[in-house]
Amino acid sequence: MNLEQLLVATQPLDVVGSMTMAISGLACDSRKVQAGTLFFALPGAKVDGFDYLPQAVQAGAVAVVAERLPDVCVEGVCYVKVANARQAMAAIAAAYYGHPTAKVPVIGVTGTNGKTTTTYLLESIFKQAGFSPAVFGTIECRFGDVQYEAAITTPESLDLLQMMAEFLQKGADVLILEVSSHALEQHRVDGIEFNAAVFTNLTQDHLDYHETFERYFASKRRLFTELLGEGIAVINRDDTWGADLLQENPQWIAFGLDDRADVYPLHVTVGRDQIDATFTSPQGDVVIKSGMIGDFNVYNLLGAVATAQQLGIGNAAISKGITQAPQVPGRVEKVKNDKNVLALVDYSHTPGALDQALKTLSKLQPKRLLTLVGCGGDRDKGKRPMMAAAAVKYSDLAIFTSDNPRTEDPLEILVQMKSGAVAAGSQELDMTQAADADGFIVIPDRREAIEFACMLAHSGDMLLVAGKGHENYQIVGTKKNHFDDREELDRVLNGANNSEALPSETGDDRHV
Ligand SMILES: CC(=O)N[C@H]1[C@@H](OP(=O)(O)OP(=O)(O)OC[C@H]2O[C@@H](n3ccc(=O)[nH]c3=O)[C@H](O)[C@@H]2O)O[C@H](CO)[C@@H](O)[C@@H]1O[C@H](C)C(=O)N[C@@H](C)C(=O)N[C@H](CCC(=O)O)C(=O)O
Ligand SMILES: Nc1ncnc2c1ncn2[C@@H]1O[C@H](COP(=O)(O)OP(=O)(O)OP(=O)(O)O)[C@@H](O)[C@H]1O
Ligand SMILES: N[C@H](CCC[C@H](N)C(=O)O)C(=O)O
Ligand SMILES: [Mg+2]
């Protein structure tokens with residue numbers, strides 16, 4: 001394809017140079033530019049891509065899309081000025097990769113919590129109905145035996161469309177993706193034609209980036225009001241923001257716990273090992289036998305069922321797909337042990353998720369509920385006291401430790417957590433009191449904290465290790481070290497000799 005053909009997808013404000021050259025690749029990182037590449041200079045949070053034009057041209061870029069023109073243009077390079085470089089990039093990438101999302105059904109799942117879980121449920125349902133789904137999200141982007149490790153939940157438009165085109169070419173016939181608020185704000189999914197969009201819920205997260213709840217919601221709302229077109233929206237009406245969103249269009253489908261929704265449970269039992277329910281809907285009743293636990297997963301099941309029905313999947317396949325859905329890695333995932341301790345690793349890294357996870361566990365009436373949790377550095381600071389307050393509200397003992405401190409001082413993060421616990425009326429204990437008194441303790445080193453928690457956990461107790469879920473690393477500074485909560489628990493509870501549990505630097509500093 002030549003540049004002129006690609007530019008039909010966007011409306012340039014100005015062009016300097018000839019547009020006739022062939023484009024053999026797209027990049028928004030100067031370090032990935034090769035001969036023949038079209039380079040997008042993106043204004044970023046850390047640096048301005050425009051400052052890397054010399055490196056991009058040096059590396060072989062033949063054309064540049066940017067929000068301004070340089071003072072000096074290099075001969076033989078075409079410079080294209082656009083109003084919004086990320087928006088232009090999404091449109092051009094869709095054209096370059098042959099509009100992959102126009103060819104198959106595409107489902108986007110957004111909301112603060114439950115996106116990954118819902119995509120896994122949908123994947124299992126579509127497989128059961130005879131489809132070959134590709135999934136894009138927090139854990140990985142995958143189709144068949146091809147898996148790309150995820151650096152962020154929703155990849156940049158270029159990467160996303162490239163993977164979609166590849167997966168389609170390999171036989172994928174439905175695309176299921178998590179759509180983060182960052183992605184919506186940054187136009188990462190603007191080149192995607194959605195057939196269905198799911199709204200799970202909205203609770204506090206990412207206010208470091210969006211600043212206000214209203215702006216956080218506005219970014220989520222874009223998926224439904226700007227990108228969905230004639231597609232169908234499936235929305236949690238028990239969430240206040242979801243109820244608001246439903247006002248936009250009477251055709252949209254509501255799910256919830258009662259008959260104000262289109263899809264709701266007639267009865268539901270949440271046990272220690274499973275959820276049993278019957279969901280009713282305009283498309284009839286669906287029998288649910290799921291290996292998931294947690295009241296909140298009823299919502300994820302409802303969202304997945306309603307979406308699959310809207311895309312024409314029959315209730316029998318839906319029911320079977322749900323029963324056969326695999327464990328979602330690091331989402332209320334049990335670590336087996338013969339001490340009769342229900343040890344769970346969970347990705348609750350928001351106040352809402354932690355509150356929901358602990359609420360449901362406390363309802364299962366453990367002898368003692370122990371919660372180990374930390375908060376990520378370089379992320380929304382407002383979450384910290386709230387997460388600590390949720391931990392002490394439901395737990396007999398909360399152990400505050402480090403999550404991914406990133407470039408922050410781990411002890412300062414813990415001070416912010418402690419303030420929330422104290423404000424909630426809890427008291428700090430010393431290690432000698434932790435075996436039987438109620439309150440919280442602070443152990444900054446996550447490995448030591450897990451060891452201490454396992455020592456305290458006895459038969460009949462529950463231990464929730466929250467915040468890191470499937471992550472097999474801990475980011476300290478800008479270094480990513482191997483660390484996996486599930487391996488740590490297995491090592492301490494079962495004496496598993498897992499050599500990977502030992503500290504090892506991966507040298508991979510992405511996702512910081
Ligand atoms: C805050 C945020 O979202 N940042 C994302 C954003 O970075 P940015 O635009 O600020 O980039 P920047 O580092 O300032 O650089 C600007 C431009 O210069 C370019 N550059 C930079 C250096 C160089 O040598 N050459 C060069 O060309 C960069 O490639 C970039 O295009 O665009 C980058 C490229 O797509 C992302 O990798 C980066 O994600 C960072 C790593 C990140 O941590 N993002 C998190 C917060 C995130 O996106 N999270 C969401 C939500 C998670 C969830 O709720 O599930 C997600 O979707 O994962
Ligand atoms: N529907 C829900 N409502 C509230 N909490 C939930 C819900 N579903 C999952 N959770 C909690 O949130 C955690 C993360 O779940 P999941 O990974 O499915 O969400 P996500 O939206 O993909 O999160 P992320 O933004 O980190 O990608 C779970 O481990 C669980 O504790
Ligand atoms: N997608 C989320 C994941 C947070 C996971 C938690 N372990 C942390 O590091 O804060 C984010 O990037 O904010
Ligand atoms: Mg996710």
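Going from the start of the chain as shown, residues are counted 1 onward.
Any Cβ shown, glycine's included, is placed from N, Cα and C.
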Study note, to complete from the structure: Checking 115-118, 247-250, 403-406 against TrEMBL, the stretch recorded as motif 'Meso-diaminopimelate recognition motif' is 403-406
Practice item. Return the residue out of ARG379, ARG447, ARG491 that TrEMBL annotates for the same meso-2,6-diaminopimelate site as ASP403, ASN404, PRO405, ARG406, GLY467, GLU471. Key: ARG379
Study note, to complete from the structure: Of ASN113, ARG379, PRO405, the binding-site residues with C-beta less than 6 Å from an atom of ligand 2, in sequence order, are ASN113
**Study point:** For GLY111 (ATP binding site), the one of PRO405, ARG406, GLY467 that lies nearest, given that the binding-site residues are compared by Cα
**Key:** GLY467
Check your understanding: When a 10 Å sphere is centred on the Cβ of PRO405 (meso-2,6-diaminopimelate binding site), how many other Cβ atoms does it contain?
Key -> 23
**Study point:** Distance from LYS115 (ATP binding site) back to ASP403 (meso-2,6-diaminopimelate binding site), taken between C-alpha atoms, in Å
**Key:** 21
Practice item. Determine which residues of the chain contact the motif 'Meso-diaminopimelate recognition motif' (403-406) at the Cβ level, with the cut-off under 8 Å and only residues 6 or more beyond its ends counted. Key: 349, 373-379, 413, 446, 467-468, 471, 473-478, 512
